[in-house]
Amino acid sequence: MVFFAGFSNKIPKDKFIAINNITFMSRIKSACVIDDDPLYNFGIKKLFEFTKFSESSLFFQNGHEAIEALSLIENDQFPEVILLDINMPIMNGWQFLEEYEKRNLKRETKIYVVSSSINQEEIDRANAYSFVDGYVFKPLTLEKVKELKEKVEKNHPG
């Protein structure tokens, strides 16, 4: 399932849970969160709104929904940042990264793996992908979201 805000109409409407129009301006035009926890997604949505993280945002509950939708988005509307959970049903974060690479979706997007796991092997595995920009520990706090926003904005001066 997906929350949708301000993206291309090429994504089938039956995949939307909710539409949220964000009226503020941000140097980050679009963001994508892939996580199966609805409470986490609700919290991140509120943090995004509070920090004016991005002008629009997509929320997916598994990697399969995300990869299918992202494959339909044109370059100029592709998210500038993806926050990716690892442990999800249907298609987990590792499978998403493999499919993302296979479909050659590696655009200017910053991908951060966001997980509660402190397992060094998982951290190393995430960082082994050349297109993954970092590993962030859950929970995402206001400070972490602000820091991520600053990092992404440095690379997308808008």
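Cβ from N, Cα, C; glycine included.
Using DSSP to sort the residues of the domain 'Response regulatory' (30-153) gives these counts of helix, strand and coil: 55 helix, 26 strand, 43 coil. Per TrEMBL, domain 'Response regulatory' is recorded for 30-153.
Around D85 (4-aspartylphosphate), the C-beta neighbours below 8 angstroms that are at least 6 residues distant in the chain are I34, D35, D36, D37, Y40, G93, V113, V114, S115. Annotated 4-aspartylphosphate per TrEMBL: D85, in sequence order.
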